[in-house]
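Undergrad: Pulled from Swiss-Prot, these are the listed features:
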- 429, 435, 474, 478: [4Fe-4S] cluster binding site (BINDING)
- 478: siroheme binding site (BINDING)
């Protein structure tokens, strides 16, 4: 590979002194609320992105002011589990140190803050550190937050799966001390020139972000096939014995560039649970060595597997681990939604799943959600578990505490509102006004849009039938729209591409149905399709399966060939 062809980010990483760059100098510069262009790429590895309020861009430009810069900081919380004490600290930071005054639960089981001024970044990171939380590798060309099924019913199996997710997260952390030096005031360690400080990642880390998930069938709330690397738990009784390993998934694409496409992961076979770390490291290092470092649009693992071929990639994994894959075990992949309300676990404790619209934990008129979770955290003796559907589980509630927890949840509007199956299965990304990549609204618009879709379902007599609907402001796919039965991907303000045909379970992608259309046409198209579905569907047939069977869209079986074809 010619060095001249490398993407600019590769040079930035090489010259960054293991992710230090000039971040410290930028942090100390008060004349601007921004970091330098190069450091804006490096700070992602530390867990945050530079943003600005796009609603105010033109106004500030007219006033000859720089954009209203702020930062989005994302925490690393493997499996989405945190203690009530940690949640209280998270809440306090949101209230005192961010302009958004809210906490955003993400589609990868963690939380993020919006509206952080540069001067508050260090304080926030230090406050999180005091609670054993951090933002290391929450963004950047590294392994991101590892997801794990927060199954509140099979508690023993969940704990075993969570232990592996936590191991995967801890073992794939960058080794650089840059985070501790810059944000926690640790002294810079003296290293010998050429010393290997990143045994897994190397000096230039991965070509692009890398996402892992651990699923516990039949639940697929983590959307395991949309990840770069997925481990599907195989149990004997209530004991975790191994995983079906899948690799090569990813949602991101670019409008108008057919060389880019979303993809679901391939099934590679069965591995023993104790070998999962070896296999994870093998897949990551192959991607490190083989991945595209010239064109970042083609640098995810999915493109590496397509380029080299499944069998070649599989053989390389087996060569690096010294272990052969066994035939995949039969497992049932089912629902991707959360189990709302109270569920009792095998340990007799109770778990309360709360629907959080858009994942936005904020006090709203008549619904002080943030205060409600704060008050619950003050008395709760179990865990808080964030889900990949942007919701919250109050987990491990003793029977004696159940009534008090429910009373608080109802008092603060966390319970009591009727949630349809469709709304409960649907998610949206943040998009405007903070995301620099957004072409259209998502989080702010999505609830009202869903209300109109629900009205159409009611009209055609199947409001009780859940449909997975997802909306993003751009095709990068943070809310996994290409794995939704109805996917809406922003193309321009007020305009979206409409995708149809994914399976309800997340085992088939959708396909473009209409391009660059506004709300009225979207609803008109859905009205017609819903009428056909209501009269023509087979027993138990989901909407996504119907659109493929009836020929509304063709099935996407091989994304590289079928998604755009």
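Placed from the backbone N, Cα and C atoms, the Cβ positions cover glycine too.
Tell me about the surroundings of these features in the structure.
TA: Secondary structure at residue 435 ([4Fe-4S] cluster binding site), as computed by DSSP, is coil. Counting every protein chain shown, the Cβ of residue 435 ([4Fe-4S] cluster binding site) has 22 other Cβ atoms within 10 Å.
Counting every protein chain shown, 22 other Cβ atoms lie within 10 Å of the Cβ of residue 478 ([4Fe-4S] cluster binding site). DSSP assigns residue 478 ([4Fe-4S] cluster binding site) to coil, not to a helix or a strand.
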Undergrad: Which of the listed binding-site residues (429, 474) has the least company, meaning the fewest other Cβ atoms within 10 Å of its Cβ?
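TA: Least crowded of the binding-site residues 429, 474, by Cβ count within 10 Å, is 474.
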Undergrad: Whose Cβ lies within 8 Å of the mean position of the Cβ atoms of 429, 435, 474, 478, the [4Fe-4S] cluster site, other than those residues?
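TA: Along the chain, the qualifying residues are 430, 431, 437, 438, 442, 472, 473, 476, 477, 479.
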